[in-house]
Amino acid sequence: MATLGDIGVAAAFNLLSAFVFFIAFAVLRLQPFNDRVYFPKWYLKGLRTSPASSGAFVKKFVNLDFRSYLKFLNWMPEALKMPELELIDHAGLDSAVYLRIYLIGLKIFAPITIVAWAVLVPVNYTNKTLELQLKNVTSSDIDKLSISNIALESDRFWTHIVMAYAFTFWTCFVLLKEYETVASMRLHFIASEKRRPDQFTVLVRNVPPDPDESVSETVEHFFLVNHPDTYLTNQVVCNANKLAKLVKQRKKKQNWLDYYQLKYSRNNAQRPIMKTGFLRLCGQKVDAIEHHEAEIGKLSKEIAEERERVKKDPKAIMPAAFVSFKSRWGAAVCAQTQQSRDPTSWLTEWAPEPCDVYWPNLPIPYVSLAIRRKFIKSVIQGILPGLALKLFLIFLPAILMIMAKFEGFISKSSLERRAATRYYLFNLVNVFLGSIVAGSALEQLNTFIKQSANEIPRTIGVAVPLRATFFITYIMVDGWAGIAGEILMLKPLIIYHLKNFFLVKTEKDREEAMDPGSLGFNTGEPQIQLYFLLGLVYAAVTPALLPFIVIFFGLAYVVFRHQIINVYNQEYESAAAFWPDVHGRIIIALLISQVALIGLLTSKKAAQSTPFLIALVVLTIWFYTFCKARYEPAFVRYPLQEAMMKDTLERAREPNLNLKPYLQNAYIHPVFKEEDEGDEFDFKSENESVLVPTKRQSRRSTPAPSRISGASSPSLPPEVVPEHPERAS
């Protein structure tokens with residue numbers, strides 16, 4: 001068994017490893033040729049230029065200013081200097097609130113650590129139970145600081161129960177204040193953010209078929225009748241997945257063509273030659289420029305044919321549409337109310353922002369979503385528990401993301417939240433329960449299933465103290481050295497230089513090579529929750545583990561603040577829609593800690609004191625339901641009062657605002673935006689609401705100006721045009 005000396009040596013080694021990583025990072029980030037790896041966010045925003053582009057040849061690769069190496073840790077205060085409001089403006093609310101998860105960890109565990117070491121550690125250590133049982137029981141120094149050192153039926157267990165109440169009340173207090181703060185931040189962010197198409201747009205699904213009208217005409221007729229004062233325009237959803245694949249292929253060919261043309265412009269004496277076989281290593285030799293021009297021409301023809309098919313084939317038009325309104329208030333009313341007598345048709349939900357839409361899933365028929373999700377649930381329950389251990393959780397995040405896509409979620413943010421939920425459950429079962437109960441995941445589940453409900457808490461409670469040393473080691477390796485390795489970014493560094501040497505052909509290639517991607521909420525947040533779980537479970541059982549948790553949260557906050565400011569590029573903005581999930585998982589960790597303590601005290605025959613913990617479980621569940629009712633609506637619904645207030649302010653600032661040019665193409669499929677303006681207009685005219693006589697004699701009329709929507713003018717103010725939501729790919 002590990003002694004305190006062994007733990008101390010391991011801690012010193014892991015701290016030294018972290019310090020070595022920090023030094024390596026400090027040296028590597030100062031080198032000009034690594035600048036794009038460690039500060040890519042500023043490059044992608046166009047606010048930084050490469051120091052390797054000018055100066056002497058040596059200075060393009062090596063930083064010769066030795067004074068800069070003396071301040072190798074100055075990145076830490078620099079990461080902490082940026083105020084939260086500036087951070088929100090720079091990186092978005094999602095990133096700022098993600099960092100608050102680490103702050104919550106510090107707020108919860110720093111005071112708990114002080115109290116636990118001041119109260120519980122002396123109570124545990126001054127008992128001599130393990131010393132008296134030394135001949136019969138193998139124990140470690142850590143065990144002497146834990147509840148394992150308390151004798152059976154001891155009155156000292158009352159101290160642990162009182163501390164369990166204190167820890168729970170403090171955790172709930174912090175969670176309550178944070179929920180209130182984040183909800184307020186979300187509403188303020190939505191109220192103050194710039195105009196975006198999703199503020200005015202609703203996704204309508206299950207549009208009933210009409211033999212006399214197209215989907216676009218049906219949608220327009222319905223909303224002109226039921227939302228006459230606020231309806232503006234609609235954009236039907238089309239199945240352009242095949243077209244998107246063709247456009248992607250043409251982009252690759254065009255990139256190669258740009259490369260060979262650039263190569264030829266530098267050496268006009270010889271035309272570039274390539275082989276047409278596998279990986280261009282074998283096959284017939286051809287003129288590279290002519291070959292790619294021919295390939296692009298062929299793909300362009302296929303793309304044009306496919307575009308025409310999508311525009312004219314009724315089967316390519318799905319019974320769904322993005323419906324835009326003249327005001328946020330009108331969109332909020334539509335998104336949050338039932339539209340027809342039949343609750344299965346005209347289903348509405350807030351549209352994601354255009355850059356958050358996951359286009360391949362939009363054509364999935366709505367009726368098939370429930371079947372898909374039930375199938376995925378069966379796969380997860382029946383197959384993946386054993387598979388997860390076989391893959392050592394390496395490929396699990398990618399597998400879970402594929403499953404979320406199969407379930408049909410229409411936005412990248414919802415995909416990440418669903419994948420994060422699955423990943424959290426696997427961490428709970430495989431890492432936590434899998435470590436305290438020996439055996440594979442299926443064996444663990446069988447163990448719990450075959451036991452009576454009364455025995456499960458006891459099984460967990462007895463096993464928890466025995467694994468404290470393992471989890472302390474896990475926190476040091478994964479939490480300390482792992483976080484320090486995160487800032488070193490060794491893998492992205494190597495990949496960037498390999499791509500830059502072998503694959504980068506154009507400046508666009510260089511941008512793609514240095515793009516670090518997003519923060520990775522689907523894997524990062526569940527990993528943080530594991531540390532919340534360990535800290536709360538061991539707070540009253542083995543307080544010796546708590547300082548390791550506090551160090552993790554402190555290091556992680558500083559490191560990820562630096563990464564969010566300088567590295568990770570925000571892919572979408574959900575205005576912290578994930579926060580209810582974060583809150584709920586911390587509550588789950590609290591409940592597991594209470595159930596484990598009940599089971600442990602039961603095994604210690606503390607029959608008189610154990611029942612008092614049942615009341616704590618009930619109070620925790622009540623607290624969760626209170627927070628859910630009080631604060632969660634701010635994350636799932638948009639208050640009409642807030643919508644009206646923002647509309648009123650906008651009309652006061654821009655009385656002649658015409659939103660139609662801003663919204664009418666906001667949700668057109670990205671592949672149609674690749675084409676020229678003329679083609680794009682042609683596609684729009686196929687689907688836009690127009691005056692089309694039908695057998696139902698429905699026609700488009702211009703509603704009188706309402707008090708809500710205000711006046712309109714035929715032109716959009718110049719400042720609105722640049723806010724087009726689509727980002728360059």
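Including glycine, each Cβ sits where the backbone N, Cα and C put it.
Annotated features, as they stand in TrEMBL:
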type     : residues : note
DOMAIN   : 7-178    : domain 'CSC1/OSCA1-like N-terminal transmembrane'
DOMAIN   : 199-361  : domain 'CSC1/OSCA1-like cytosolic'
DOMAIN   : 372-601  : domain 'CSC1/OSCA1-like 7TM region'
REGION   : 679-729  : region 'Disordered'
TRANSMEM : 6-28     : transmembrane segment
TRANSMEM : 101-120  : transmembrane segment
TRANSMEM : 157-176  : transmembrane segment
TRANSMEM : 382-403  : transmembrane segment
TRANSMEM : 423-442  : transmembrane segment
TRANSMEM : 462-483  : transmembrane segment
TRANSMEM : 530-560  : transmembrane segment
TRANSMEM : 586-603  : transmembrane segment
TRANSMEM : 609-627  : transmembrane segment
For the transmembrane segment (157-176), sequence-distant contacts whose Cβ falls under 8 Å of one of its Cβ atoms, 6 or more beyond its ends: 104, 107-108, 111-112, 115-116, 119-120, 123, 147, 150, 536, 539-541, 583, 586-587, 590, 593-594, 597, 601, 604, 606, 609, 612-613, 616, 619-620, 623, 627
For the transmembrane segment (530-560), sequence-distant contacts whose Cβ falls under 8 Å of one of its Cβ atoms, 6 or more beyond its ends: 11, 18, 76, 79-80, 98-99, 102-103, 105-106, 108-110, 112-113, 116-117, 120-121, 124, 142, 145-147, 160, 163-164, 167, 171, 427-428, 431-432, 464-465, 468, 471-472, 475-476, 479-480, 483-484, 486-487, 519, 585-586, 588-590, 592-593, 596-597, 600
Arithmetic mean of per-residue pLDDT over the domain 'CSC1/OSCA1-like 7TM region' (372-601): 80
